[in-house]
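Structure first, then comments.
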Amino acid sequence: SGLSLRWKMMSSQLLRCRGTRPCGEAIPRTSRNQCQLRALAPARSNGTCGRSVLFVAAGKKSNARRKNKNPKRAATPEEGSAPPVPAEVEVVLSEASQSSENKLDEEIAGAIARAAGKKVDATPSATPFGQKTPIGQKTPIGKKTEAQPLPDVDRERVLDACVNTSIILAITGLLLRQFSDKAATSGWFGGAVANWNQLMPLPSHLDSETGIHLLLGVGAAAAVTAGRVALLSAWPDFKTATDTSNRQVLTPLEGLDVLQVAAYPAISEEILFRGFLLPAVGVNLAGIAVAGVVFGVLHIPGGRNPAFAAWATAVGILYGALAVYTHDLAAPMVAHAVANYASASIWRANNLAHQDGRA
């Protein structure tokens, strides 16, 4: 046909710009016989453009890439212009230019091949011309991220790990507190080490003041639980980490096992983080912040992620503020244990109801 004949006459005149323009510069749409498409070339480390731009020329080889160094003298056809582009070719290129930026290269190649009468693979590639997906590409907002499931473990292994880890953390915290008592009494380090047992005492008896502290702990646990439930529906990364970790730990448990898994880590972690680390840094905002950040960072393993660490950091800061306000560890211990038990019970009710015979 006339279109295919004219295209064969033009196809031999297609040239490619090797990306000599500065990266990020829009190729100007100055005239119809020069650059018919515009593209924003992605930046590279060497400062050159990575995406080719099609130039269409007719007749003799185009010199459109050469700049006119004398602006006062108009350019002649031999110095940079070319005869008008046939309407059929312009239509093909116009169709390609209307596509999205991500599929621009594929649409150009497909439109040219269709005009030449060639078959094109209709399957789109993941990235144009084999480019790799950019590092650090973020997941679209609201899209749930997928995490690799953790291996299944039995009930005995979960309880053993919980008890052993809790014993190690509690003994470490108690030994460090005993060291501070000895150092303060003996005047080691020039008296720079305070007695952390006195700064942040463990609960030793139940009186009216301790009862008030326990009630404050229950109130803090209610606030933590409400915040957790709200974030589970609004923060996909946080929900993914919570589901991944809870599925491994809570699935094989039975009855009162959940109470043990909630209470033992809460008590031992408060002894270490709020009973040792916080007073070691200072019973002030700095101590609260440092203990909270370390507490949060150590919650990344076990199928969790930075989103869960951020949540644990905020909760750790709350527990630290509660300890400084009450001047003992009773309130943060109760808050931590009750919040653990509440969150575990809610998760089991929502995800494991069928295992307990509930609807």
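All residue numbers here begin at 1 and follow the chain in the order shown.
Including glycine, each Cβ sits where the backbone N, Cα and C put it.
The shown structure was predicted, so the numbers you read here are calculated from the model rather than taken from an experiment.
The region 'Disordered' feature in TrEMBL is assigned to 60-86, 122-147. Sequence annotations record features per position, and here TrEMBL assigns compositional bias 'Basic residues' to 62-72. TrEMBL lists 77-86 with the feature compositional bias 'Low complexity'. What TrEMBL lists as compositional bias 'Polar residues' is 124-136. Annotated domain 'CAAX prenyl protease 2/Lysostaphin resistance protein A-like' per TrEMBL: 258-341, in sequence order. Positions annotated as transmembrane segment by TrEMBL: 276-300, 306-325.
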Contacting positions for the transmembrane segment (276-300) when only residues 6+ beyond its ends and CB under 8 Å are counted: 172-173, 176-177, 180, 194, 196, 199-200, 269, 306, 308-321, 323-324
Helix, strand and coil residues within the domain 'CAAX prenyl protease 2/Lysostaphin resistance protein A-like' (258-341) as assigned by DSSP: 70 helix, 0 strand, 14 coil
